[in-house]
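Taken from TrEMBL as is:
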COMPBIAS  A:1-20  compositional bias 'Pro residues'
DOMAIN    A:87-294  domain 'ABC transmembrane type-1'
DOMAIN    A:383-573  domain 'ABC transmembrane type-1'
REGION    A:1-22  region 'Disordered'
TRANSMEM  A:37-59  transmembrane segment
TRANSMEM  A:91-111  transmembrane segment
TRANSMEM  A:123-145  transmembrane segment
TRANSMEM  A:165-194  transmembrane segment
TRANSMEM  A:215-237  transmembrane segment
TRANSMEM  A:273-293  transmembrane segment
TRANSMEM  A:325-347  transmembrane segment
TRANSMEM  A:387-409  transmembrane segment
TRANSMEM  A:421-443  transmembrane segment
TRANSMEM  A:449-466  transmembrane segment
TRANSMEM  A:501-522  transmembrane segment
TRANSMEM  A:552-574  transmembrane segment
Amino acid sequence: MATVTPAPPSTVPRSQPPGPASSRLARVRRSLLRPKTLIVAGVAAVIGYLALVPLYYLLYGTFFDADGFTLGAFGRVYSADGIGTLIGNSLWFAFGSALLSLVVGTTLAYLNVRTDVPFKPLFFAASMIPLIIPGILYTIAWIFLASPDIGLLNAFLEPLVGPAFFDIFTIWGMIWVEGLHLSPIVFLLMVAAFRSMDPSLEESALMSGASRWTTFRKITAPLVRPAIVASILVMTVRSLESFEVPALLGLQNGIYVFTSQIYFTLRSYPPDLAGAGALALGLLAIAVVGVILSNRVGKDSKNFQTVTGKGFRPRPIDLGRFRPVAGVLIILYFVATVVAPLAVLIYTSLLRFYVAPSAEAFRTMTLDNYRALAELSQAGTALKNSLILGIGSATLVMLFMSVAAWIVVRSKIPGRGLVDHAAFVPLVIPGLVLGLGISFVYLRSPIPIYGTLFILLIAYCTRYMPYGMRYAITSMHQISAELEESAHVSGASWWQTFRRVLLPLLSPGLIAGFIYILTVSFRELSSSILLYSPGNEVLSILIFEQFENGSFTVLAALGVVMVLTLVVLVTVAYKVGAKVGLRQD
Amino acid sequence: MPRSLAFAAAVSTAAAFFLAACGGSPTAGPADGAPEDTAATHTYQRINGLSGQQRTDELVKCAEEEGKLSAYTSNTDMDAMIEGFTDTYDIEVSVYRGNSESVLQRVLQEQTARYYGTDVVDTNAIELNVMQQEGLLSPYEGELRDAVREEGKADGWTATRFNAFVIGWNTDLVKPGEEPTSFEDLADPKWKGRVSMEIGDVDWFTALYQHLVRQGRSEQEALDLFKAVAANAQIAKGHTVQGELLSAGQFAVSVSAYSHTIDNAADKGAHVAWKTAQGAAAQPVVVRPNGIGLMKNAVNPCAAMLFVDYELSAGQEKIAGANRIGATAEAAKALDGLEIVTVPEPELLNNAKKWDDLYAEVTRSGSA
Amino acid sequence: MLTIDNLVKTFEADKKTRSQAKSAKANGEALEQTRVFAVDDVSFEVQQGEMFTLLGPSGCGKTTTLRSIAGLEKPDSGRISVGDRVMFHAGDGTSTVNMPANERGLGMVFQSYAIWPHMSVFDNVGFPLQVRKRSQRPGKAEIAERVNRVLEVMELGHLATRQATKLSGGQQQRLALARAIVTQPPLLLLDEPLSNLDAKLRESLRFELKRLQRELGITSIYVTHDQVEALALSSHIAVMRQGKVVQLGKPREIYTNPRSRFVAEFIGTSNFINGRVAGHDGDCVTVDTTEGRLRVRSAVALPVGSEAIVSIRPEAVEISLTGSGGTEPNEWTGEVVNRAFLGDSVDHVVKVGKAEVRNRSNPNVSIEPGTTVYLRMNPDQLSLVPVD
């Protein structure tokens, strides 16, 4: 525009009037150096890089052997005996768990955010603790609770319903444990979604005469569909690649799933990376279809922009006569997901070996396991490293993913869909393959980060990128473009708009993602174990050692300590989070 | 236009960085297969040639000059070992711990990238054999190795302890007199649902299977026996979980428990045992050596050798202290009088797929 | 039609207020306020077919009152009934009645419109009919007919299949209204429905709203902070302040006869002259002010000697270059200090003693500043309000 103005008194300092070509070049150069371009390009590059390293490793290992390109791995893996049953079991287990966690997580989130349900402080614990307890401990705690042979619940209920009422070693038991273990992820996603919704959208449905259930079905649920779809997607893939529950509960009765198969292919030497890759690519295919579907659902994104410029006051709905019912449900859920497993864990941590509770057991209780923990040589370092990595990766991932979500949802940059897919890739890559891929690159890279904490940071950022992306995108879908435009019109630069308007509005989702990543990063083992170096131990390595050592009771003590540490951390995160963004009341 | 340019730029930078970072094919095997001489191998050969006090003095002097040692291990009792070693010698030790698969993968990755992160590897037989096959290890010789039981004198590495697979039981659920005396006993229908097998114990399976065949059973009969036991069994994952569930009474018998898992639990007061009150154990007992190997490309070869010396001498007591079975005849007394079957490592290495599949078939047939 | 008796609704004070209260207490001030009265003993009655307005500044409790009627807010005590249906009753020992919002059968237009972004225009309007109990639900064809009829009335007929988010502000407002009246509710609640629109659109929709309300005969409760809107639309206005109804009456009554300085100030502009009641003569009160004596016709009886404020609307002040020679009561002399031409009127500010009095007259009158003028104020058009 400025160039066609006839000979203006030049305010732009320039030595020579530029010809049309060089002026275009200068403009391109200027626009390339603008913060927006730099940031967007930087984030896209980082995501691409993080995702492509392990993907390339996976693809290469799957399709190339000593003789060049081959599809042998697919033939080998997908023609194995019983592959049909295996896939069937996997899908049943995955969809079952996803559905359970969706129903439980959404219900709780709705009650918590949109109603005057009692016991709200319990939600906090109920949403975090199952996530914090390492999967193996959570699963074993459930064996102690609901095994038909030694389950405490079965012993407790025997006079009422007969022996062995619950059987945890069934597909239903697996779905139960996995679903409950995953429900906090849904809870966090849905809380963010509900919090960003103008309550008058629901109130107007009530005023139209719709019952609460109809309102939820026809108004609330459709409006938070991006979050629901994201939940189903993440939960299904998570359950498909979950290992502990199928290994500890399924194998007992011969229920095999996808991941048991990956385990078998990686177990022997040389590990059948090609086979594992072929299976992982199967997962990837499912996931890509999921991402495409979820984007199609969110395509007409204006339909879900419930955070608009119009002010609203989030006001809880009066549950009326359902309040006590909801209260009882909350207590039951809290007992099932938190109190019972945690009680088993604390109980076990005070014993020398697990026995069913008895007067004898309580008499021999001791704090020896906690003492043993304190004496572990690297306990302090490991805790410190886990904290650095957890907080570091959670912060980095959420910051990058908020820009990435902007690219995918808001920008018109060609190829933005790729960013979305790239960010999703690590979700399906087995931890071991990820670890191998990363160590392969950094053993040969001139950047000397092999053997330092940084390589773990890269691994964690890669692993948790998909979750961060889901949290960020879901929130971004809900923010009206007008808010951004109005900031822009007010004279704010892209970066100012991003920092001052978008980040605060995204913050419920970003904080939820932060908390999720922080929590699960404490448990990350499969790639940490390959990448950490002496002196850089993390807590999960300690857990693994205690586990290998057979010190199950020490492990329980460690689990208790982890729960306490993270509860404190997460409380702080919530408090800080409450100071920014959309306020609850 | 500028946006799309920016994006294209970003993608290509990423790609360039990535390609620059990966020079070769990422999953190619080790580049250097044939053993070749390195500075470390010269040191090893020199020390291997010495004996007695002269060897010890030379080694300690050289190792303390190096002052450092890096060890990769899957040995879960390593803490006590390192403590003893650093108390005795003025050497700083750093330890990487992982499961045996991670140790192997890490060593392979590092060595192919010519990153020499470790001086010595202490892990399971199968992984050590792989490293030997890949030409990463250098032999250790001397009087201490000579004292090791025959099963433990492997090519390229030396056993420091044995894992013994025994049949263990919960003494509350298996009454005196009812204890199984052999693997065959557990095929009896009275054990229905009371037995536990471990999903990963292919090495135990292979050893016992071949033993059964050597005793005159046909392959089919051996397999049928396993399947009959599996039909009585619940399948567990991991010896730790299995041990804990055995103590807790989830099942009455483990067919392939580690002796030290049972002994450690019993020491804590758990009601488990693998020998009757009279001291009789179910036989045969399958043993698998775990050992230590010197890295051909060690940065601290003397410290590495000194550490092997330590594990085979004073270290044997630490092993016994953890209820483990040592490698020297002296330290392996727990095996005296028992019928011992050794895990056929070469067979497992060369026919891994066959045995994996066979054992998978067995475990899958179980627990209907 | 609608009866509200002694409605009370309190909220927990927010953290800031509470901590302020705490520190005030620490400073020795006895200010313990943990609950805020949003609605403080409000009672009123609305007749069939009326357009009843709750008017007041933000935070006065008007929206809370409306939401309590809607059933979206649960009052602490009081009674709300529509016709002979008791919607809410609590607080005087009887068992609490609190009909859920979705069973009250009222229509409501929200300030943000609350248009469902995932539905078409037709579906938004059809929703209230579609969610009725099966036994009361009209057939598909009837629903379509009724929706289309309402859309026609709202001049949205041609947009029925459009996605709701694609409408303009005015269209969204009409859509929200269409949705609220499609069930022909006995009572229509409107929560500042015009506040999100531009001035021009607001004016035209205001008249449209009044026309519709009259034509359809729907009893309506209208919440607004805009006095012009309130005066133009309402058959009755309740002015609210700090949770209480401070004056209730017809628009003209409230305008010409404010009972307090607050009402006089909030509605229209007014000159306030301080003085002291000097005597009564029937409903005619004599007030002595520093600028001179004023006679005011007032229904409010203030004792002789008490302080009072005379509220004078600018248009009640007649400006003239010639005096009456003392035959007219309430005639003051002053000097024009400012003049403003407003198109449909001219304002003069006249200095009388120390006070400044604003006059509004027809645009033909225009007097140079500096000119000495006579101001005459009709006693019938003045009002007397007590000092707050």
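Placement of Cβ uses the backbone N, Cα and C atoms for every residue, glycine included.
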Range from A:165-194, A:325-347, A:449-466 with most C-beta pairs under 8 A to the transmembrane segment (A:552-574): A:325-347
Chain residues in Cβ proximity to the transmembrane segment (A:273-293) (below 8 Å; excluding those fewer than six residues from its ends, i.e. six or more beyond): 58-59, 61-63, 65, 70, 72-74, 76-78, 229, 232-233, 236-237, 240-241, 258, 261-262, 265-266, 420-421, 424-425, 427-430, 432-433, 436
Contact call for the transmembrane segment (A:91-111) and the transmembrane segment (A:215-237): at least 3 Cβ pairs under 8 Å, seq gap 6+: yes
Cβ contacts under 8 Å made by the transmembrane segment (A:421-443) with residues that lie 6+ beyond its boundaries: 47-48, 50-58, 61, 234, 237-238, 241, 262, 266, 271, 273, 276-277, 280-281, 283-284, 287-288, 291, 401, 404, 449-450, 455, 458-459, 462-463, 465-469, 524-531
Outside the transmembrane segment (A:123-145), six or more residues from its ends: residues with CB under 8 Å to it: 108, 112, 151-153, 166, 168, 173, 176-177, 180-181, 183-185, 187-188, 191, 242-245, 248-249, 330, 333-334, 337-338, 340-342, 344-345, 348, 354, 515-516, 519-520, 522-523, 540, 543, 547, 552, 555-556, 559, 562-563, 566-567, 570-571, 574
Surrounding residues of the transmembrane segment (A:215-237) on its own chain - C-beta under 8 Å, 6+ positions past either end: 94-95, 97-98, 101-102, 105-106, 110, 114, 182, 185-186, 189-190, 192-194, 197, 201-202, 205-206, 283, 286-287, 290-291, 293-294, 297-298, 301, 303-304, 306, 427-428, 466-467, 470, 473-474, 477-478
Other parts of the chain folded back onto the transmembrane segment (A:449-466), taken as Cβ under 8 Å at six or more residues beyond its ends: 47, 50-51, 53-54, 234, 385, 388-390, 392-394, 396-397, 400-401, 423-427, 431, 434-435, 438-439, 442-443, 517, 520-521, 524, 527-528, 531-533, 536, 538
Result, the transmembrane segment (A:501-522) in contact with the transmembrane segment (A:37-59) (3+ CB pairs under 8 Å): no
Chain residues in Cβ proximity to the transmembrane segment (A:325-347) (below 8 Å; excluding those fewer than six residues from its ends, i.e. six or more beyond): 104, 107-108, 111, 115, 117-119, 122-123, 125-126, 129-130, 133, 137-138, 141-142, 144-145, 152-153, 180, 183, 319, 357, 556, 559-560, 563
